[in-house]
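Here's what Swiss-Prot has on this protein:
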TOPO_DOM  1-39  topological domain 'Cytoplasmic'
TRANSMEM  40-60  transmembrane segment
TOPO_DOM  61-69  topological domain 'Extracellular'
TRANSMEM  70-90  transmembrane segment
TOPO_DOM  91-138  topological domain 'Cytoplasmic'
TRANSMEM  139-159  transmembrane segment
TOPO_DOM  160-208  topological domain 'Extracellular'
TRANSMEM  209-229  transmembrane segment
TOPO_DOM  230-269  topological domain 'Cytoplasmic'
TRANSMEM  270-290  transmembrane segment
TOPO_DOM  291-305  topological domain 'Extracellular'
TRANSMEM  306-326  transmembrane segment
TOPO_DOM  327-365  topological domain 'Cytoplasmic'
TRANSMEM  366-386  transmembrane segment
TOPO_DOM  387-393  topological domain 'Extracellular'
């Protein structure tokens with residue numbers, strides 16, 4: 001098994017939106033140069049994603065609520081605000097993916113070096129690889145299904161209106177966005193807006209999935225190493241003449257893992273903060289919009305709500321598993337037969353135990369930990385906001 005095997009799905013989402021693929025020393029498959037057509041697809045998606053932010057703001061600015069029911073108008077604004085949350089997260093993730101490409105590739109180089117050292121040892125690589133692949137495969141299938149439904153909904157609604165002998169077509173695009181051309185009442189303008197949002201949605205979903213998978217990738221690699229470190233600590237025989245050398249190696253190994261985990265944390269600090277804070281507000285708006293529209297549109301908002309929930313759950317799940325796995329180091333050191341070692345061995349083991357007193361956890365700028373506890377707190381806050389807004393009806 002190679003480190004590259006863990007990057008199957010991240011590479012797949014890069015290919016879907018023609019995003020630049022990450023490379024590092026030791027990767028077997030070489031980087032495929034994108035031709036002109038692929039670069040055009042990428043830039044169409046990126047430009048439309050950036051414009052989508054502007055279009056949502058302009059739609060809210062130009063919207064006239066005087067001719068509508070106040071509650072319906074509020075639901076429409078909530079729908080626009082929730083979509084703006086999606087595009088903000090996607091745009092920032094795209095910026096991070098491109099601007100920190102070299103930094104992430106350097107991290108991948110270091111994880112590759114560590115992986116080459118352990119792949120022939122008794123590490124549970126296959127166990128963690130299966131767990132990781134199963135999780136992101138299910139996430140990939142759900143996101144793909146959501147994208148297909150989201151982008152096909154305008155066409156399906158127009159076909160239904162056409163065959164139901166409706167006197168006037170709705171011309172409803174994927175999300176309420178302002179465009180500098182006529183959309184309502186214009187077939188070419190309608191399909192142009194739908195095409196723009198298809199490119200925007202494709203890039204948005206692929207970038208968000210890539211960042212989500214990359215966080216899970218780094219998390220599962222750290223889990224493999226912390227688990228292997230704990231298992232090696234348990235098997236050290238303090239009576240062995242080479243025990244001090246083995247323990248010294250593990251102390252250096254543990255220090256390197258903590259440094260790598262800190263670098264990963266610093267790389268995703270902004271992502272953690274934006275994702276958790278934006279999702280709290282967007283979940284409230286999506287839940288409110290879901291209760292105000294027809295079945296097809298409500299299902300679209302339900303999928304959006306589930307996308308935000310699974311996006312944050314995936315990050316917090318990875319952080320929680322890292323906490324649990326890194327927490328194995330201290331018990332492994334304690335239950336080692338240290339009492340049969342000499343004084344130098346005991347002092348060295350004490351150094352490692354002091355560093356492993358608390359399990360390692362990712363944090364958002366040293367504030368809230370990235371864990372299921374924080375995830376549940378964000379859901380609770382979103383629900384409180386939803387009940388408050390819903391009571392206004």
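The backbone N, Cα and C atoms fix where each Cβ goes, glycine too.
Since we're looking at a predicted model, the values are computed, not measured.
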Counting only CB pairs under 8 A, let me know which of 40-60, 70-90, 139-159, 366-386 has the most with the transmembrane segment (270-290).
70-90
Write out how many residues of the topological domain 'Cytoplasmic' (230-269) are helix, how many strand and how many coil, based on DSSP.
33 helix, 0 strand, 7 coil
Okay, the transmembrane segment (209-229) and the transmembrane segment (139-159): do they have at least three CB pairs under 8 Å, pairs separated by 6 or more?
yes
I need to check the long-range neighbours of the topological domain 'Cytoplasmic' (230-269): which residues 6 or more away from its ends have a CB within less than 8 Å of a CB in the stretch?
100, 103-104, 107, 110-111, 114, 122-123, 215, 218, 222, 322, 325-326, 328-329, 331-333, 335-341, 344-345, 348-349, 351-352, 355-356, 360, 362-365
